[in-house]
Amino acid sequence: MYNNNQNHHNNDNNMNKDEPTTIYPEFISISNEIKTNGSTNSYLNNIRREMLSMVNSGNNNNNNNNNNNNNNNNNNNNNNNNNDSIVINMDTINNNNNSNNIDINKSGYSQISNTTSNDNLNKTLLGNNEISQINDIDDDSSPEFIKYKKFISSLSYITFIGAAIVLINQKKSVYIQFHAYQSFYISMGVIGFQFLLIWSDILSIILWSLYLLFTIFMFLKVSFGGYGNSTIYKLPIIGNLSEQKAKLRSQEYSRYFKYHEDLFIKELREHKQALIHQSNLNRNNNNSNNVNNNGHQRINSNSSSVVMSGDVESMLNSSGSNSSIYSDVQNDIGTNEE
């Protein structure tokens, strides 16, 4: 498990070398925040990679448009750029820990909305998410996250108030929820016995003394002890009930979480499609504008040539008339001399 998480961190480091910084700065800030606060969460990593791929695709579209504009300004139109493609790198966490590359053709907006391609994309993004696979009380986590989980679990033994706060804020980890449920049930049991033993001060003191020793023991063991099934310290009856409740609650939360993950990634994909579609429209508009400009230039050149030819003809006609006038004057002079 440590090697797998190390591979994910290496993939993040490799991705950071090519992260764009010139477009969608809000996505970059969100991506950096996700990297800082949730690098061990598979869902957050998927969202971060999806946003980075969308930003990369937007930069590629802008570069292609700039290249097309430069070529059009130099009257070197090249229509072969219509078949360019965007490569979306989606490194999702699956059983084989592989990366999948999906080519999306930019030449048609309708091609992206194909049902088969959408199904494959959904399977790639959401098919093998580790939060929906909870088989043991010691759920999978990275080594650097174990200390945090142990600390939160130990806080749940600070009376039923600490357990309730942990249950409200921690819904994914089975390990944390197990200790919170176990502490909550023990606290409620002690409070219930206190009402039954309220008539005896000695029994009440013994009861609360045992509860205090139990909470101190569990706090120290969970905080500084080992991590795993062998160091869970599960009580015979309450422990089994706590384990079942923790697994059931985590599974319900994972389904709810996965549903919102589907919606969020769907919105990202739709926004990416809109970017590609807008890029195609801009490129087509640029091409049509360049064609119109070239047509106007040809018309202007033809009109100027016509004007020039008309000027030449008028000049020739005027010179001819002048020569005829000159000949008439010469004839008049000759007749006068005779």
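Here, residue 1 is simply the first one shown, and the rest follow in order.
Cβ atoms are placed via backbone N, Cα and C, with glycine included.
Bear in mind that the values here come from a model prediction, so they are computed numbers and not experimental data.
Taken from Swiss-Prot, the feature region 'Disordered' applies to 1-20, 55-92, 279-303, 316-338. Residues or ranges marked as compositional bias 'Basic and acidic residues' by Swiss-Prot: 9-20. Look at Swiss-Prot and you will find Asn37, Asn83, Asn97, Asn105, Asn114, Asn122, Asn229, Asn240, Asn286, Asn302, Asn317, Asn322 tagged as N-linked glycosylation site, backed by sequence analysis. The annotation compositional bias 'Low complexity' is assigned in Swiss-Prot to 59-92, 280-294, 316-327. Residues or ranges marked as transmembrane segment in Swiss-Prot (evidence: sequence analysis): 148-168, 178-198, 202-222. Positions annotated as compositional bias 'Polar residues' by Swiss-Prot: 328-338.
Proximity of distant same-chain residues to the transmembrane segment (178-198), defined by a Cβ-Cβ separation under 8 Å and at least 6 residues beyond the stretch ends, is recorded for 137, 153-154, 156-157, 159-160, 162-164, 166-167, 170, 204, 207-208, 211, 214-215, 218, 222, 232, 234-235, 238-239, 241-243, 245-246. Residues in the compositional bias 'Low complexity' (280-294) partition by DSSP class (helix H, G, I; strand E, B; coil) as 15 helix, 0 strand, 0 coil. Note: the CA-CA distance between Asn286 (N-linked glycosylation site) and Asn240 (N-linked glycosylation site) rounds to 68 Å.
Proximity of Asn240 (N-linked glycosylation site) to non-local residues of its own chain (separation of 6 or more, Cβ distance below 8 Å) is seen for Lys234, given in sequence order. Within 10 Å of the C-beta atom of Asn286 (N-linked glycosylation site) sit 14 other C-beta atoms, taking all shown protein chains into account.
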